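Chemist: Okay, here's the structure, questions in a sec.
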Amino acid sequence: MRANFIFSEVWIGLRRNLTMTVAVIVTVAIGMALLGVGLMINSQISTMKDFWSDKVEVSVFLCKKNDPFPACKGSGGVNAQEQAALSQQIKAMPQVESVSFEDSAHAYEVFKTTNSGNTVLLSAIRAEDMPESFRVKLKDPDTYTAVIEQLKGAPGVSNVVNQKEILEKFFALLESLRWAALVVAIILVFAATLLIGNTVRLSAYNRRRETGIMRLVGASNIYIQLPFVMEGVIAGLIGGVMSGVLLMVSKVFLFDKVQVYLANTVLTWETVTKVILITLIFGVVICILASFVTLRRYLRV
Amino acid sequence: MIHFDNVTKVYANQNRPALDHVSVDVDKGEFVFLVGPSGSGKSTFLRLVLKEERPDSGVIQVAGKDLSRLSNFKVPHLRRRIGCVFQDFRLLPNKNVYENVAFALEVIGKPRRFIRKVVPEVVELVGLEGKAHRMPDELSGGEQQRVAMARAFVNRPMILLADEPTGNIDPATSIGIMKVLDRINRTGTTVVMATHDAAIVDSMRKRVVELEDGKIVRDQSRGVYGQAY
């Protein structure tokens with residue numbers, strides 16, 4: 001096998017139908033980038049789920065004086081007796097792992113750190129405005145419904161909030177984003193396959209003289225087909241590298257920006273590299289397959 | 001070397017067979033003319049030897065191998081032992097004489113040192129010494145056909161198939177082409193030449209196999225083209 005012979009043939013082939021080659025590269029790049037974004041969102045969802053799964057709590061907010069919540073109407077705020085009873089009731093539940101009490105001052109501290117940028121909001125809210133709450137940690141975060149059922153409407157409780165429910169809405173949003181990216185990626189991969197097929201067909205037609213002679217003098221099939229397949233592979237590789245760049249850009253300018261709001265769930269470069277590798281290999285494999293399938297139809301050997 | 005036993009070939013969408021129960025033997029080192037009018041099955045015969053087509057019935061053996069048992073994977077190796085020359089030369093217009101001949105060796109993976117040694121020898125054998133760096137469009141028809149013969153012969157095939165090699169060439173130049181074919185034949189290569197050219201067949205006095213409507217109507221050693229023409 002003479003490498004320089006193959007490569008000169010490949011180069012001639014790529015140059016002869018440059019426009020098609022560019023089309024292939026762009027389609028592969030965008031398709032693979034979207035596939036990569038899908039994979040990155042996917043890994044993001046799982047790291048976030050891991051991160052949150054042992055942190056989600058059920059917050060049982062207690063009534064304050066003149067609390068606007070309907071459950072607190074006319075109660076004039078929770079009293080010490082009710083609070084102690086609640087604490088007893090929560091601790092007695094079989095699903096509960098631990099429970100802690102968060103007073104107004106502590107709630108205000110947390111509020112201050114999470115909204116440190118928003119001075120207007122901070123100046124408008126005082127420590128006394130923050131509701132007191134029991135923070136209930138469950139043994140299994142999925143068993144929250146029974147806990148909420150029992151605590152909602154108990155005397156002195158203004159509202160029961162399950163963080164998991166909020167997170168799940170957010171995860172659902174991420175998951176639909178992921179599916180959208182994957183569906184568009186599949187469509188583009190399909191388009192890329194057709195484009196590669198077309199490029200190879202054109203290429204085979206352009207070089208029919210050479211391939212005819214190659215067949216005649218007994219060149220082996222692989223020798224005849226390899227230049228065409230390599231054309232596909234090189235276009236796929238360039239497209240893959242471009243998609244890698246797009247993925248790195250999306251990590252820095254998209255994922256890292258969003259992460260600011262989702263503490264501790266950083267998309268690592270390690271994951272990005274893995275995703276880029278996967279998309280690169282996938283792109284090249286698609287190109288090889290598409291080339292081979294078309295060659296079988298348009299290049300008689 | 002070439003053995004046809006009761007071979008029939010019918011092309012799709014055609015009711016008349018291109019070859020009709022043809023049996024013929026060509027021995028090693030023979031020179032055979034395949035004559036007959038257009039459509040008599042000469043080209044089909046050559047295509048069957050190359051396994052470009054498959055017979056509908058009958059047995060074909062080339063160089064002792066049964067072609068029906070030859071896997072597609074091995075067909076290229078069969079073709080390496082068979083050289084081909086055509087009426088339309090089939091040279092690569094963007095390669096010069098040397099490159100055209102070398103191409104046949106490059107694509108079967110021969111080392112460059114071997115190519116550099118062998119190609120000039122063959123270019124000389126066909127009578128093109130000193131023209132190795134000409135492009136095909138700078139050569140006459142006869143010279144282009146010599147390039148094609150050099151390319152067909154450079155890998156020292158056992159069989160050379162020539163499909164009307166003088167069809168596009170004037171009679172005077174044809175003599176030179178036939179001399180080259182004769183020279184190739186003398187190296188021990190079996191030559192099968194399909195032709196319409198009565199003068200050439202008559203002058204060479206070689207074996208003549210005449211086909212008509214896919215049937216062999218005459219097989220004569222040291223024959224002539226035939227009185228009918």
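Each residue, glycine too, has its Cβ placed from N, Cα and C.
Got these off TrEMBL a minute ago, pasting:
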TRANSMEM  A:21-41  transmembrane segment
DOMAIN    A:56-160  domain 'FtsX extracellular'
TRANSMEM  A:179-201  transmembrane segment
DOMAIN    A:183-300  domain 'ABC3 transporter permease C-terminal'
TRANSMEM  A:222-255  transmembrane segment
TRANSMEM  A:275-295  transmembrane segment
Chemist: Going by DSSP assignments with H, G and I as helix and E and B as strand, what are the residue counts for the domain 'FtsX extracellular' (A:56-160)?
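Modeler: Split by secondary structure, the domain 'FtsX extracellular' (A:56-160) comes out as 47 helix, 23 strand, 35 coil.
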Chemist: What average pLDDT does the predicted model assign to the domain 'FtsX extracellular' (A:56-160)?
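Modeler: Taking every residue in the domain 'FtsX extracellular' (A:56-160) and averaging pLDDT yields 77.
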Chemist: If you run through the domain 'ABC3 transporter permease C-terminal' (A:183-300) with DSSP, how many residues end up as helix, strand and coil?
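Modeler: DSSP composition of the domain 'ABC3 transporter permease C-terminal' (A:183-300): 102 helix, 0 strand, 16 coil.
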